[in-house]
Each structure stands twice: as structure tokens, then as C-alpha cells.
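A.B. asks: Below is the structure I would like to discuss, written out as C-alpha cells.
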Amino acid sequence: MQRVLAADVGGTKVNMALCYVTDEKIEIIHSVKYASQQYASFTDIIKAFLAEEKVEQPDKIGIGVAGPVIDNTVEFTNLNWVVSAKEIAEVAGVPVEHVALINDLEATAYGLPCLSDDDILTIHAGEPGHSGNAAIIAPGTGLGEAGLFYDSNGYHPFATEGGHCEFAPRTEMEAQLFSYLKVKHRRVSWEHVVAGPGIYRLYYFLRDVLKREEPEWLKKEIEEKGDPSAVISEAGLQKRAPICEEVMQLFVQQLAREASSLVLKMKATGGLFFGGGIPPKILPLLKDPNFYETFIDCGRMQELVAKVPVKIILNDKSALYGAAYYGAYGL
């Protein structure tokens, strides 16, 4: 048995846990959630966690991070943090060779075998049973993407930064959206459109460019609450404001387009998994026929994409499990 300090580090929150890892299972002994923006550095969170009474000294450390890992160092994409394995080792009191940093979506992929059937919801069965690569797309604070390469030895997760690929408009409305976003962003990426902040960007586009009506109560609620995307998505799901309904329909449509492109790039006949914090909150929209129609609308490759099983990861600890596994065995 190995004691592993595991963490899933995102732009909004950090899930950290002490895990007991064996060949058979990963057991979370103690876990804490931290608000990322409330800490000046990631090492401050490690110090706070290790100071807790229930936390034993770890043997190894596995950290899933929202950003590209290069030479055991990461500069977070949506946080003003730079972290290295060396810094973590010094703070935690473990050898640097016992600290593993991996991309958070790669960690999610490693964590999939730890999930139960109840942790994964199949929204489109496709044609299950096909062996082949798999893919994960995860809209949250940012847009994460990862792959699982398949061979005779099983699945091998790998990280990508595909969410930062350039957004490509297809329709006249999407061309208008692209032009609108390009004023503020020199290069418009898919993350600008189909991550959490993309929801309020779509809202302001519909309001300011397409002149959709903004109810006074909604304007007030957006101003008063600190998270406009949450207000807009909730109002859209509850059908309280037509502009919010249109925002969420447009958001899901664009998510379907990028998910379809990811499947084609990975040739993910083994399945597509939706991770991140947003998909479990918008299940009615992902189950709507409009989502699937957009997803398979990919020209000559429609038949291939239609065969791909599409699943939602409901358990938000998948990346935590994966980080623990990689911390124990991946070095």
C-alpha cells in the first residue's frame, strides 16, 4: 500500500486528497476542496492540506493540473500560478522523483477504470464493442481535451491542448460571433466559446450584436451575482428568459461541433467521454436530439461518428483517482 497525496487542480477549485493506493483499488482517506482564486500559490494549498490533523505524510504525490506540463513544471492556463515538481517536493517533504505532474484531462483518463457504472451516463449508445482510441472533452473553467491511444496492451492516456485550437465558424451567425470575439481576442479559440466564460460571451454577443431582448430582472441578477455564466445557464435551463435559452442552445451546438472534430482527430471509435463541471449540469440539453444531430453532422465521416458511444462522466473525482494512480505507478 502506498500513501499518495493526489490533487485535481482547476481554474476554479482544487480537489486534494490523501489516498491509499494498492493494485486493487484507490481509497480516498481524507479530501478537501479549495477555491483556487483564494490562494496566492498552489504550494500554499499543499501546506494547508498537510497541516490538517487527519493527513499522514505521503509517500508519493500525483497532481493533475489545468495546463501543459513541460519538464515537470506547469504554468496554469487560467490561474496566475507556476508550479514545479521541485517546489512541491520541498513543501511536502518527499523526494522530487516521487512527485508526478500530469495534465488534468490526462489524469481524468487514468481515473476512468476507477469509476463505477453509476458514475458514467451513456447518452448515445452508438455501436458499442468497437475497439479503438477514445477521447475526453471537458468544458469547465477552460476547455480540456485528451486522448486514450488503444493497442493490444489496452488504453494509454495522453494530454493535448486541443481546446486552444482556433475556432472555425460554419454559419453566418457563427461568422458574426467570430468577428465579435476577435475584437477582444486576437486569436479566437474553442475555449473562448465552449468553456464556462464562453456562456456569458455568447450572451453578450446575442444581446449586443443580434439585439436579443435582455429582461430587466435578468440584467439586475447578472450585475448582483458574481458568476454571470451561472445565472445565464440556470435561467436558460429553467426557460425563464428566451435569450438565455438561445445562449445555451448555441453553447451546446458549438460543444457538439468541437466534440465531433475531436472524435475525428482521435478516430475515437472506442468512445467519447464528456468530463468537466458543466456537462452534468446541462444533461437535458445534451440529451436533446439537436445536440446529437449537430454532433454527427460531419459530412463524409458521419457514419463513423454515429458509431461512437457518447458518455458523460458524473463523478467529479475521476481526475483525483487518476492523479493518485499516476502518482503511485506512473513514474
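Just so you know, glycine gets a Cβ as well, placed from its N, Cα and C.
Below, the features straight out of TrEMBL:
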- Ala7, Asp8, Val9, Gly10, Gly11, Thr12: ATP binding site (BINDING)
A.B. asks: I'd like the number of other C-beta atoms within 10 A of the C-beta of Val9 (ATP binding site), please.
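C.D. replies: Result for Val9 (ATP binding site): 27 other Cβ atoms within 10 Å.
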A.B. asks: For Thr12 (ATP binding site), just count the other CB atoms lying within 10 A of its CB, please.
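C.D. replies: Neighbour count, Cβ to Cβ under the 10 Å cut-off: 16.
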A.B. asks: Other than Ala7, Asp8, Val9, Gly10, Gly11, Thr12 themselves, what residues in this chain have Cβ atoms within 8 Å of the centroid of the ATP site's Cβ atoms?
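C.D. replies: Apart from Ala7, Asp8, Val9, Gly10, Gly11, Thr12, the close residues are Lys13, Val14, Asn15, Ser36, Gly64, Val65, Ala66, Asp104, Thr141.
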A.B. asks: At a 10 Å cut-off from the C-beta of Ala7 (ATP binding site), count the other C-beta atoms across all protein chains.
C.D. replies: 30
A.B. asks: Find, among the binding-site residues listed as Gly10, Gly11, the one whose Cβ has the highest number of other Cβ atoms within 10 Å in the structure shown.
C.D. replies: Gly10
